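Annotated features, as they stand in Swiss-Prot:
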ACT_SITE  His89  active site, proton donor
BINDING   Phe23, Ser57, Phe58, Glu59, Ala81, Val82, Ile83, Tyr114  5-amino-6-(D-ribitylamino)uracil binding site
BINDING   Gly86, Thr87, Arg128  (2S)-2-hydroxy-3-oxobutyl phosphate binding site
Amino acid sequence: MQVTEGQLVALQDARFALVAARFNDLIVDRLIDGAADTLRRHGVPEEHLELIRVPGSFELPLAVQRVADAGRADAVIALGAVIRGGTDHHQYVAAECTKGVAQAMMGSGVPVSYGVLTVETVEQAIERAGTKAGNKGAEAALSALEMVDLMRQLEA
């Protein structure tokens, strides 16, 4: 059986867009740093990285869709943090963000890595943004690198 899978390689011409929420910026900024650092460490030139900020995670899908449709990137990395509050609001934001980002990926054919934290507490968010549980932004960047390579293999 022939196996095709993406590798963690940076193709010198690959472009990456990080679309990140400003809400919960103390957390999201760490996710951005983790994603950008990972891409740089894998050889992606600075001029091939673009950061696009949106007000909150609910707005991520539209910006992701526009970036993907415009052909501005070979992969998009969605970054945000949805933290439970005193109401059910976070559930609706998280669900619509997840669904919208997935629809943007499927509709555009451009890989979108999901680095949006959906957590119960600020402490959990901090853990997933670079302390005990690693950096989910960095993990999303690794997924994006692999998917760009895989998409190019599948097109060949």
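Glycine residues also receive a Cβ, built from the backbone N, Cα and C atoms like all the rest.
Reduced to three states, the DSSP call for Ile83 (5-amino-6-(D-ribitylamino)uracil binding site) is strand. A gap of 21 Å separates the Cα atoms of Glu59 (5-amino-6-(D-ribitylamino)uracil binding site) and Arg128 ((2S)-2-hydroxy-3-oxobutyl phosphate binding site). Considering only the recorded positions Phe23, Val82, His89, Arg128 ((2S)-2-hydroxy-3-oxobutyl phosphate binding site) has Val82 as its nearest partner by CA-CA distance.
Taken over all pairs of the listed 5-amino-6-(D-ribitylamino)uracil-binding residues (Phe23, Ser57, Phe58, Glu59, Ala81, Val82, Ile83, Tyr114), the Cα spread reaches a maximum of 16 Å, rounded to the nearest whole number. The Cβ of Phe58 (5-amino-6-(D-ribitylamino)uracil binding site) lies under 8 Å from the Cβ of Val93, Glu96, Cys97, each of these being in the same chain and 6 or more residues away along the sequence. Listed in sequence order, the residues of the same chain lying 6 or more apart from the residue listed as 'active site, proton donor' and placing their CB within less than 8 Å of its CB: none are present.
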